[in-house]
């Protein structure tokens, strides 16, 4: 009876840890979907002019998070089902996929660290190209499209210009910059370069925290569940031998 009680306790502990892992995958998937459909980033990254789309490097990291969250939920389900059914095969599959997921997470973390400044630089370059086109003397369809792109950037980020704007840009500031009150109009408008850096640094910081949380959860899960699984196997073997002796 004590052996059976210990086996049952370990079984439910395995189920509990796998359920927590499944919940963590759901939270990560929810955060990733929120980042994908965030109004600020979506309105900026969907802009285009002269057949040139805004850089979408930011979405690569978001899609990685979505994939990690979905796989974590699937792996957690396998672990829960394997614990309930007492299936060594399913639990073994769970551990194998957990290790693969951890390796992918490390690779994604290295990629994100090496490209942490790339996203804001690409968006600033895209903004500058639209900026240069918008101050051209000759009217053209591409100039009109560039002005619309700038208007979206300015309204979304509540900024105007690069911070070192030319006199030519100052002439069209009233049409391109967000409408403000008389008091705010006396202040120098915020640089869109700085606003873009702040926006994507904040989003990438959140992605980094989520990735760190995933790594901690994975290491904890592998450590705890490996010990629980080994204890469970030993208890099952003891129970089997005790029954055979009877």
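Cβ coordinates come from backbone N, Cα and C, glycine included.
The disulfide bond feature in TrEMBL is assigned to 159-192, 160-177. Residues annotated as transmembrane segment in TrEMBL: 12-35, 56-84, 90-113, 204-224.
The CA atom of residue 159 (disulfide bond) is located 7 Å away from the CA atom of residue 177 (disulfide bond). When Cβ atoms from all protein chains are considered, those within 10 Å of residue 160 (disulfide bond) total 23, not counting its own. With a cut-off of 8 Å between Cβ atoms, the residues of this chain six or more beyond the transmembrane segment (12-35) that come close are 41, 62-63, 65-66, 68-77, 79-80, 82-84, 91, 94, 203, 206-207, 210, 213-214, 217, 221, 224-225, 228-229, 232. Reported as a whole number, the C-alpha separation between residue 160 (disulfide bond) and residue 192 (disulfide bond) equals 6 Å. On a Cα basis, residue 192 (disulfide bond) lies 11 Å away from residue 177 (disulfide bond). Annotation for the disulfide-bonded residues 159, 177, 192: lowest Cβ count within 10 Å of the residue's own Cβ, 177.
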